[in-house]
Each structure stands twice: as C-alpha cells, then as structure tokens.
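As annotated by TrEMBL, domain 'Carboxylesterase type B' applies to 1-385. If you look up TrEMBL, you'll see S93 marked as active site, acyl-ester intermediate. What TrEMBL lists as active site, charge relay system is E215, H319.
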Amino acid sequence: MVFLHGGNYKSGACSGPVYNGQILAPTIDAVVVCIEYRVGAMGFLYLEEDPETGERIPGNFGIEDQIAALKFLWQNLESFGGDPNRITLTGQSAGAESISLLLTSSNHSELFSQAILFSDPFSLPLKTPSDSNTLGLSFASLLECEPASLSCLRTKSVDEIASATQESLSQLINHEKAFQLFQQWGPTVTEQPITSIEAGLNALKPIILGTCSEEGRIFVYEILPEPVSTASYNMFQNILVPGLSQEIQFFPPDPNVTDQRDVLSSMVTDYLFGCPTQYMAKLLIARGETRIYHYLFNHAFSFQHVWQQYKWCYGHVCHGCDVPFIFQSAILNNEEYSAEEKRFVSKYSSYLANFIHSGDPNHTGDGGQEGTDLTVWPKAGQVPGHLSTLILSADEDIRSVEDISSEKCQLFDRMGYTGVSNINKKNLNM
C-alpha cells in the first residue's frame with residue numbers, strides 16, 4: 001500500500017503520527033509506504049521560457065517526485081518483502097488528485113495495479129500553463145525578482161521562498177476560476193483529469209473512491225472566518241459556481257439564521273467533492289471498468305484534539321475525518337478510539353486489506369480478512385443506472401444503498417465541472 005498525503009500541495013508530510021503505518025501494516029498484512037514530495041513553490045513553481053535567456057521553470061516537481069518514488073518501489077519493493085506487481089496506490093485529497101493525473105498518464109499508470117482515492121476534489125480546477133505562469137510571475141515579484149528569472153530566484157533563502165509561497169495563497173489568479181483559491185499551488189496541466197477520463201484517456205484498474213459527508217466545511221470556515229450574510233452568500237454562490245443562481249432551490253439560504261456558512265459548506269462539499277466523485281465513478285463504469293467501489297464516510301471521530309485549530313469541525317465529518325481510521329493512528333497521536341470506533345476500525349481495515357490483496361473489498365481469500373462480519377460492499381455499477389454506495393460510520397451499522405445519486409448532483413453533472421463543458425453522456429446511463 002503506497003500512500004500520497006494531502007495538504008493542498010502547500011504542506012503535508014509523512015513524518016507526522018497520523019500517517020504512521022506501524023499499526024496498519026501488520027493489520028492488513030502489507031508493506032505500507034508513504035511518499036514524500038515537494039510542495040508549494042518548491043514543488044510546483046512554473047515560469048514560461050524567457051525569450052532572451054531561454055530559462056524556464058517547468059513546474060510539477062512534486063509530481064515528478066511521486067513518479068520517481070514509484071519507479072524506485074517498482075524496482076526494489078521485493079527487497080522490502082513486497083510485490084511490485086501488486087502495488088495499491090492510495091492518496092487523500094491532493095494525494096488522490098495526483099493519482100487521477102497518473103491514471104491518465106500512459107507512461108506512469110503501469111507503476112501501480114489498483115488505486116484508492118480518498119476525498120479527491122475532482123472539480124477543483126488545476127492550473128493551465130497560462131494561470132501557472134501568472135502565479136509564478138506574482139511569486140517572483142514578491143521576491144523582488146523582476147523580471148522573473150531563475151538566477152534571481154536562486155539567490156533567495158528558503159525562509160524567503162516559504163514566506164512568498166504563503167503570501168501568494170490569497171491571490172486570485174483567474175477570476176473565472178474562483179475555486180482556485182482553495183488550492184493555489186499544484187500541478188500545471190493542459191487538460192483537467194476529469195476531462196481526460198471523459199475522453200477515455202485513462203487506464204482501467206480496480207478503484208475505490210469516495211468522500212466524507214462534510215468535506216467543504218473546513219475550507220469555507222477557514223477562508224471565511226466571519227459570518228456570511230444572505231446577500232454575501234448569494235454573491236459567493238454566483239462567483240464560485242456561475243449559473244447556479246438559476247437553480248437556487250437546491251441550495252437556498254437558511255432564513256432562520258444570520259450566518260449562511262453551513263449552506264455554503266454544503267454547496268462546496270457537493271460541487272468539489274461528492275458530486276464529481278459520483279460522476280467519476282459513473283464515467284469509469286461507462287468506460288468498461290466493473291471493479292469500481294464507491295463509499296461515503298459519515299463519521300465524526302470522538303476525539304477532538306485533532307481539530308484544535310479548526311474548532312468549527314468539532315462534531316462534523318470534515319475533510320480528513322477518515323485518515324485516523326485509514327491508518328489506525330489515533331493512539332500514536334495520543335488519542336483513543338471509542339468502543340464503537342474500535343469495532344469500526346476493525347471492519348474498515350478488513351475492507352482495505354481485502355482490496356489490497358485482491359482488488360475486491362469483500363474478498364476473504366489469499367491475504368484477506370477471514371471470519372469478519374462485513375456488510376457486502378457492492379460494486380458501484382451493480383444496478384444499471386444507479387450508483388451503489390457503502391455508507392461508512394461507527395455510530396450506526398455500515399450499510400449499502402442502491403443509489404446515492406441526487407438531483408443536486410444531476411444538476412452539477414449537466415452544468416459540467418472545472419468550467420469545462422462535459423462530453424456526451426449518453427453512455428453514462430443516468
């Protein structure tokens with residue numbers, strides 16, 4: 001199991017206790033690897049070629065780090081007791097987004113046999129070369145490198161680069177893509193991953209993908225620390241998702257409160273995470289891959305110390321709520337699972353182990369979890385025209401639903417994601 005951490009491509013590291021695999025590895029009987037990669041400007045700074053000097057900064061160094069690590073594992077995993085032909089590439093948030101890019105790369109998708117995408121913000125627009133160049137010029141200006149040049153940037157200290165990276169986070173580069181503020185630094189692409197997969201330019205592999213039920217809350221409350229009025233909510237809605245104001249009945253402001261951030265959080269959850277993930281699952285099924293498994297994580301963990309900097313996530317299923325259960329790492333962070341959570345962790349790890357060993361979360365054969373009382377996790381396309389989903393929670397029994405689709409998601413599907421009109425969906429059977 002190879003893991004790519006999240007962090008908005010601006011932060012994150014494998015060194016923290018939350019990603020420690022010492023408990024997970026023996027539980028699932030697999031080698032667990034967490035890949036470090038460069039983030040922020042050090043990982044994703046892009047500048048077009050200077051016509052006078054010929055200098056350019058191509059960006060995507062963080063992605064190249066991931067690829068280099070996967071190639072190393074492919075060549076050396078046997079020395080660590082692993083099988084290079086049975087690599088399950090997993091990632092959360094930006095890490096999952098990175099996997100989407102690798103799935104659409106014919107040169108690199110062969111480096112893993114299957115994937116798990118935890119909370120991939122599929123509709124968050126990655127920057128085009130033009131937008132990345134604008135960000136790069138702005139970043140260079142903050143470092144007083146004008147005109148922008150590689151030679152000037154190389155004279156700056158790590159602290160200066162880190163400060164400019166942080167200062168650049170609030171700059172809106174493209175006013176037609178306001179959602180870029182949720183992820184300023186990141187890969188430079190000529191085509192969005194979701195568009196490539198719409199066009200069938202992806203490898204077919206067994207995939208688990210899904211989201212937490214309140215993904216957007218942590219971002220909305222962090223970016224908007226003060227209450228949002230109804231008037232401001234309507235403005236934000238039109239800026240973030242142009243055209244949605246015509247369908248206001250799906251996300252109406254709450255007339256009983258003066259702060260509309262909860263409603264805005266719901267919209268962000270659906271548009272950035274929930275709905276495009278469901279759409280992606282349907283795309284993969286339509287492409288002919290039957291081994292697709294979809295989930296919704298719906299449990300707010302009982303320990304609250306993790307949210308000390310994000311108190312608005314207390315009692316909510318925020319972005320990242322599933323990570324302590326994936327790695328079973330609460331105890332390593334001086335936290336303790338409730339009795340219900342301990343039972344849940346056991347079942348959750350069984351699904352992961354089964355998938356890692358066989359490509360099927362229900363499998364109990366070689367390396368699988370024998371004797372566990374698991375709810376059957378149906379294939380997402382099990383019922384034609386529906387999206388079967390496993391609801392994961394410690395507060396109630398794990399259950400499957402025949403179809404999780406909603407009118408809101410159907411609306412977003414019609415509108416298109418990342419500002420790109422969707423390709424013909426006749427084969428999606430929706």
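Cβ coordinates are placed from backbone N, Cα and C, and glycine is handled just like the others.
Curation does not apply to TrEMBL; its annotations are automatic.
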Model confidence over the domain 'Carboxylesterase type B' (1-385), averaged pLDDT: 90
Alpha-carbon distance [S93 (active site, acyl-ester intermediate); H319 (active site, charge relay system)] in Å: 8
All-chain count of other Cβ atoms within 10 Å of the residue listed as 'active site, acyl-ester intermediate': 26
Distant-in-sequence Cβ neighbours of E215 (active site, charge relay system), under 8 Å, six or more positions away: S119, P121, V268, T269, L272, F273, G274, C318, H319
Surrounding CB atoms that lie within 10 Å of the CB of H319 (active site, charge relay system), all protein chains: 26
